[in-house]
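Taken from TrEMBL, the feature transmembrane segment applies to B:20-46, B:79-101, B:113-133, B:168-188, B:209-230, B:280-302. Annotation source TrEMBL lists domain 'ABC transmembrane type-1' at B:75-301.
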Amino acid sequence: MNRRFITFAVPVIVMTGTALTACTAGKESAPALGSQPRASGSAAAALPAATLELWHGFSADSEVKAFEDAIAGFRTKFPQITVKLTKGVQDDQITQAVRGGTAPDVASSFTTDNVAQWCRSGVFQDLTPVIEQDGIDLSVLPEAARAYTEFEGKRCTMPMLADAYGLYYNKALMKGNEPPKTLTELAELAKKLTVRDADGTIKVAGFIPSVQYYENSPAHLGPMVGAKWYNPDGTSAIGSDPAWKRLLQWQKELIDWYGYDKLDKFRKSLGDEWSAEHPFHKGKVAMVLDGEWRNAMIANDAKDLDYGTAPLPVADDRPELYGSGFTAGTVIGVPKGAKHPQHAWELVKYLTTDTKGLVTLSNALRNVPTTKAAMESPELKKDPQFQTFLDIFSHPKTSTLPANVNSVFNQEAFSSFVQAWEKGSVKDLDEGLAGVDKQINDKLKLSGG
Amino acid sequence: MSTVLAAPRAWRRREGLRALVWLSPWLAGFAVFFLYPLAATVYFSFHRYDLFTLEFIGLDNYRYFLSDERALVSIGNTLWLVVFMVPAQVLFALGLAQLVTRLKAGAGLFRTIFYLPSLIPTVAGTVSFVFLLNPATGPVNQLLELVGVTGPDWFGDKDWSKPSLTLLGMWGAGNTMVIFLAALLDVPRHLYEAAALDGAGAWRQFRSITLPTISPVLVFSAVTGVIYALQYFTQAMIAARVASGATDSPGSSFTPGYPETSTLTLPQWLFHAGFRDFSMGYACVLALLLFAASMVFTLILLRRFRAFDREVS
């Protein structure tokens, strides 16, 4: 025990201690879904007391309160379960938490873009066994909502609330015209309703066809022509489906009529999409493609606006599509590593299938409830404007962006191409679309098919 | 004799070992935070890795890189920033510093004015800049219009977006200016006086006195500037998002690089590959490329400046 010992021992002890501290951040393996006692039927008390952690993306006070209100019913049903809510959580935080072994019991996401990745990698647990165990009939959900919550036969999430997309029109600016039902009618009416200065500067646009305008993404526009994203083998169908080409040619023709530069300048002069300055609120645009939530925003920010809603116009040769549209929405599931998976499933089940819970949420957030019972509930606040979106959501032809492991990449690849196309930078549309296919297919191959 | 020699050898070994032990925390840090991540990056670059499942795929990630148009575009954009933005920032900061040193009055005020933009948080500064340069509502284009000039669509035109980011970088060059200012004030005045007596003009004085004296600071600014440009992320991402007006909603995700991938930098694409697409293996390939580029640029700069030093001395 001398200086030499101290010289060597101190750093070694410090380092060993540090290393051990780091190593002890291990995780106990959490029980899997289905391995815990379950509350069958009315035997809610069969579940032992527990505290559940639920992460969600809502952040505004009104949204958080709505979520709390919706959960009140669950708390009544399961008084022994405490639910702790964490607001404003993003998708990557969920993924990181699961990877780090600190997953919450229940997590929800606003987008459906990561569902395929989560299902494939097991970030969210497959709910199929417990759904079958509890005899839940998934046909209460529209087909599109079932599609965007599962991947390759794994149902790892459930739809909680949905967004449906339709056409909003400003009655005063429509000058007595009925909302268009076909793309030809939409283009004609857009031209008719557009107001320009003497120098051609746009003062009011009939309809902005650019994909760079707020909600006009290819995914939202595609259902107007019944366009397909993928072939059955998962490869891109964008270049081979003539519907996309038709949509893009229609869009370019209308943009050229405005003049790309003039339309772009007008677009950039418009207010923020999520503020009271939205151009539709301000009477700057006669018709817009938007989600059902716009109704609530108009009620808050532009009470005096006289407007109507309708399904989106469709391709002239596809009249059977009229009434349908795009849908996607909030998804919720039980992450891998949840401490109380059976309790968590009861909460997911309540939030996604309980009519009262769904109606409470829908009434507060003005999103579309996902089950047929909730949509038909007399307690659901409906008016003709909101009803349009309920009808679009339940329309049999309504479609979604199919789950894909490269969903974000694929949308970006296509959007980038369309932006270049509408500007006039693409000389050969077929060749360009084939290039998009190649990008998507190469990426698919890299991701393991 | 051997006993006499053995003693210092043993002493040296003991001292060496002792030094190693005391260095060990740093060595451990270096191993954990640099060597291990580097080795792991190389390892993962040969795998398909989505943070949960790992599968060996050989050179597939590297092959994919060669066909990834957007990766190649992002490299081009990043190189553009290295070649144009960094010199512009350094020269602008040096010019400002020179200006402030020459001012007879109000130097403090101007120093503060020039330095202030660098205190503004990056995101806030970028958002403000994009608003100021908005082609329809921004005051810059409105002022230009008053003098009969039609301003460009700064962040919305692919030919103007990178120069606009360069302007943003120059606007925020206050930090570099302060470093140059300190270096310039450190140059001995008597050298200028002697040079003036010998008939050297302003340019000759700058070339033969100022530049050699401040060359270490120039090297520092250039190297850190290049590394910064190679890691350029926040401003490009925010400017593109604000200028495009795009938001993430179901079925509508923001595409970085607006307009027409002109502001897509390699770090953004790397982030996207890793944390949006969960192609961690491929992101590792991009990270290795970024690492290699940083090393190459730094070495080139150090050699160039060493050669410059020799030349002037």
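A Cβ is built for glycine as well, from the same backbone N, Cα and C atoms used for every other residue.
TrEMBL: automatically predicted annotations, no manual curation.
Tertiary proximity for the transmembrane segment (B:20-46) is limited to same-chain residues at least six positions away from its ends with a CB under 8 Å from its CB atoms, namely 54, 56-59, 61-62, 280-282, 284-285, 287-288, 291. Most Cβ pairs within less than 8 Å of the transmembrane segment (B:168-188), among stretches B:79-101, B:113-133, B:209-230, B:280-302, belong to B:79-101. Beyond its flanks by at least six residues, the transmembrane segment (B:209-230) meets 78, 81-82, 85-86, 89-90, 93-94, 176, 179-180, 182-184, 186-188, 191-192, 195, 266-267, 290, 293-294, 297-298, 301-302, 305, 308-309, 312-313 of its own chain at Cβ-Cβ distances under 8 Å.
Non-local neighbours of the transmembrane segment (B:79-101) in the same chain are 107, 110-111, 114, 162-163, 165-166, 169-170, 173-174, 176-181, 183-185, 218, 221-222, 225-226, 228-230, 232, 265, 297; each lies 6+ residues outside the stretch with a CB under 8 Å from one of its CB atoms. Taking Cβ pairs closer than 8 Å, the transmembrane segment (B:113-133) reaches residues 96, 100, 139-141, 151, 154-155, 164, 167-168, 171-175, 177-178, 234-235, 238-239, 242-243 in its own chain, all 6 or more past its ends.
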